Amino acid sequence: MAEKDATASGDDAIRVSGMQFAYEVEDPIFFDFNLDLPAGSRCLLVGANGSGKTTLLKILAGKHMVGGKNVVQVLSRSAFHDTQLVCSGDLSYLGGSWSKTVGSAGEVPLQGDFSAEHMIFGVEGTDPVRREKLIDLLDINLQWRMHKVSDGQKRRVQICMGLLHPFKVLLLDEVTVDLDVVARMDLLEFFKEECDQRGATIVYATHIFDGLETWATHLAYIQDGELNRLSKMTDIEELKTSPNLLSVVESWLRSEIKLVKKKKKPVAPWKPSPFDNSPFRSSRHMAYYR
C-alpha cells in the first residue's frame, strides 16, 4: 500500500483509479493501481529495473488502453480515448531512442542524411521564439547531419522537437541519459520554469538523481508494479537524515532486493543431458546477434 499525501483533488493533472494492466499472455504488471498528481507538480518516478516505470508512462501517454475511460485520466480526459490530448500538444511523451526494429537484429538506430535544421523546422505550428530558445538551450548546431552525430547530440534534437509545442503534461522516460552535465542541468531548469510559470506537470522517470532533491516536488516509488510510496519531497523523512536522494533510493532498492531474494525459490542444479552434444541441438554463434 502506497504512502500518499493529501494532494488528491479535482484539480489533479493526472489521476489513475484502480488500474489493471498486463501484456498479452503475461502476468499482470499493475493491479488496482492508483495515482494522483496535482497540476504544476514535478514528480520523480523511481524504482528498480522492470518495476513498471516505462509501462506506466506509456499508459499515461495513451499508448496502451486500460479499463474504461475514467481509469486513466490526464487533464480530466481519457489518456487513451481522447486523441486530441496528444494531437494538441497538451500531453507530451519523451522516451526511448530513435530506433527501429529490423528482423531478428532487434532495434538499430535510425539512419538518415538530413540536418538538425530540417527536422526542427519541419515541426509545424511552433512559436519561433520558443524554438530559438530551445535551440540555444540545448546548444544545437542546425548543420548537424543526423547520421554522423553522437547519441547525445541526437538526443538534444529529439528533446528539442518534443518540446516545441507548449505542453500541459510532460512524461519523461530517461531522456537525459545521453546528455552531459551542463545540458542536463540547463534542461531541468527549463522544466522547472515551465511548471512554475505555466502550471505544467512533469513526471520524470530516471536513475540519475544528481541535483533532483530541490528540483522535484513529489516522488513516486514503484515496487514490482505497486505504488509503494507517493509523497511530497518535503515529507520524505529519510531525506532529512541522508546526504542526498541517491542514498535514500539506494536504501529502498537494496531492501527490495533482499525481500525478493528471501521469496525466491531455489533453482534446481543443472544436469547434463545425453543430447547436449547432438548436432541437431547446436546454437547460433553469438556474432549473429551483434
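Positions of Cβ are set from backbone N, Cα and C atoms, glycine also.
The shown structure was predicted, so the numbers you read here are calculated from the model rather than taken from an experiment.
Under the heading domain 'ABC transporter', Swiss-Prot lists 14-249, citing sequence analysis as support.
Sequence-distant neighbours of GLY50 (ATP binding site) (same chain, six or more apart, CB under 8 Å from its CB) are absent. Following the DSSP three-state reduction, the secondary structure of GLY50 (ATP binding site) is coil. Here Swiss-Prot flags GLY47, ALA48, ASN49, GLY50, SER51, GLY52, LYS53, THR54 as ATP binding site.
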